[in-house]
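Chemist: My questions all concern the structure below.
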C-alpha cells in the first residue's frame, strides 16, 4: 500500500510553541505543569486508530489532535479536556499515520506529544468473523500462564445481549446492547458502508451504545458487534437495520408545533441554552451548548452537508459538546 507522505509541521502547530510556553515567567508556572504522558495506540483497524493518554499532573482545558489524512490533507480534531482516549475514523488500510496531541490551557498549547500508527490491512468477509476458541494452555509452554483455567472459564462466560437499534435516521443508526454476563475489555462494530467498503469501529468496553453516522437513506445495513477479552473475540451479536427515508426541511422554515398535553407539562420546563461554535477546522466544527433548566433524554443535530444533503446526528442526552466531521 502507498505510504502517507512524511509529516510536515503545520505552520501554527510546531512543538517549539509548547517549549516556549514551558519556559514562561513564574506567573505561568502553574499552567505549564500540566503534562501529557504515554500517548499510545490502544487499537487499530483498517480504517481507524484508537489513541489513549494520561495526565499525571494538572488538568488541561482541552486537547487538539492533529494528523494528515491519506490524501496528505491536515486534519485537526478538538477533544474535551476530560477525555483520555479518542477514536480517529476515516483512515485508509495499511497506511502509516503520525499523530500530534496538544494540551491546551487558557487557549494556549502548553504541552505536546506524538505517536505513530499503521492501520491494519483490509481483511473483511461478508460473513461474520469467527469467534476465538479458548484453548487450554500448553503444559509444555515455557512462559508462565497468564490466566488460570478458572479465568479462562470466566472469559468464556462473558455474553453479549441482543443488539438492537434505539434510534434510526436517514443518515445514522444508534445501536444498543447489554452484557448479561461478565465484562468485556472492548467491542468492535463491523459493517459495510453505502459504497460497500468494510468499516470497523472500536468501542470502549464500558459502552452500551454507539452511534454510526455517515449512512445513506433507505438502505439496509448489517452490523456485527464483537465482544473482546484479552484480545480475543469471545461473543458476537448481529442486527439488520434499514435507515429512514430522507426528510427535507420545511421550505417555509417553520418549526413544527410542540404538542402541549397535561402529561408533558413537566417536560416543557427543560430548556436549551445558547448553541455556540467552540472550534473550527477545515473539515470539522465543534459545537457546545448548555441546559440551564431540566434535562433531555437525547439531542438531535440537523444540518446539510457540502453536497446539500440533509444529515441528522443523534446525540446522548448527557452530552454538551459534539464535533461534526
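Backbone N, Cα and C atoms are what each Cβ position is placed from, and that goes for glycine too.
What TrEMBL records for 1-11 is compositional bias 'Low complexity'. Annotation source TrEMBL lists compositional bias 'Basic and acidic residues' at 134-145. Here TrEMBL flags 35-123, 159-247, 271-325 as domain 'Fibronectin type-III'. Residues annotated as region 'Disordered' in TrEMBL: 1-31, 124-152, 242-264.
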Chemist: By DSSP, how many residues in the domain 'Fibronectin type-III' (271-325) are helix, how many strand, and how many coil?
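Modeler: Secondary-structure breakdown of the domain 'Fibronectin type-III' (271-325): 0 helix, 31 strand, 24 coil.
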Chemist: Note the mean pLDDT of the domain 'Fibronectin type-III' (35-123), expressed as a whole number.
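Modeler: That region's mean pLDDT is 87.
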Chemist: From the DSSP assignment alone, can you count helix, strand and coil residues within the domain 'Fibronectin type-III' (159-247)?
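Modeler: Going by DSSP assignments, the domain 'Fibronectin type-III' (159-247) contains 0 helix, 50 strand, 39 coil.
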Chemist: Could you break down the residues of the domain 'Fibronectin type-III' (35-123) into DSSP helix, strand and coil, giving a count for each?
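Modeler: Tallying H, G and I as helix, E and B as strand, the rest coil: 0 helix, 55 strand, 34 coil.
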